[in-house]
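Taken from Swiss-Prot as is:
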ACT_SITE  His189  active site
BINDING   Ala10, Ile11, Asp31, Ala58, Ser59, Tyr66, Leu80, Ser81, Ala111, Asn162, Asn212, Pro213, Lys214, Thr215  NAD(+) binding site
Amino acid sequence: MLVGLIGYGAIGKFLAEWLERNGFEIAAILDVRGEHEKMVRGIDEFLQREMDVAVEAASQQAVKDYAEKILKAGIDLIVLSTGAFADRDFLSRVREVCRKTGRRVYIASGAIGGLDAIFSASELIEEIVLTTRKNWRQFGRKGVIFEGSASEAAQKFPKNLNVAATLSIASGKDVKVRLVADEVEENIHEILVRGEFGEMEIRVRNRPMRENPKTSYLAALSVTRILRNLKEGLVV
């Protein structure tokens, strides 16, 4: 399977090494910095390379700049920076391009778990609440930094709350979000879901990547799960 990577930071480098170890072929890596034999500097050159799927591991802006072009080029896309879809107009455009081209956008679960159960129960969900706890030093104070909707959270804290946007897509609801600056060394996500189906509580304590303490290891691993499913016949 031929895979293109967008972004060559901590996650991009991890994925490049993982792909080479697991029988995938890197078609191209798009980034303005860094060095790799498959590196390209622009989207046009990136799209000239033959590939089965592209992986975004860069930024919300990269998703907005490149998603539609990638899909129109006949390439499926895996997205990590899901906060880009807090822009409802952009989300609608991407869905329309998928419908017209027959291509797919795969939403990586990122730094959380339980998305399969949340998506399964989405039609019966009455309330979904995300509480994210981060080290207070990032904000210079302790306490509740933000409380509001997922759409507001993604706009005010675009680098912090891709998780909120992912939950909104999976649940079909505008998730209630609390961002708390706390005495924690690892990012913690607590998800409470209530509805006619029952109740779910999901708690994830993320270990950061050594290369970038602001990036969770689980986020990178969530992309490898999608890639394994695309390659293998048995999908989990």
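Every residue, even glycine, has its Cβ placed from backbone N, Cα and C.
Keep in mind that this is a model prediction, so the values were computed, not measured.
With respect to Cβ neighbours within 10 Å, the binding-site residues Ser59, Asn212 differ, and Asn212 shows the lowest count.
Cα separation, Ala10 (NAD(+) binding site) to His189 (active site), rounded: 21 Å.
Rounded to a whole number, the C-alpha distance linking Asn212 (NAD(+) binding site) with His189 (active site) is 19 angstrom.
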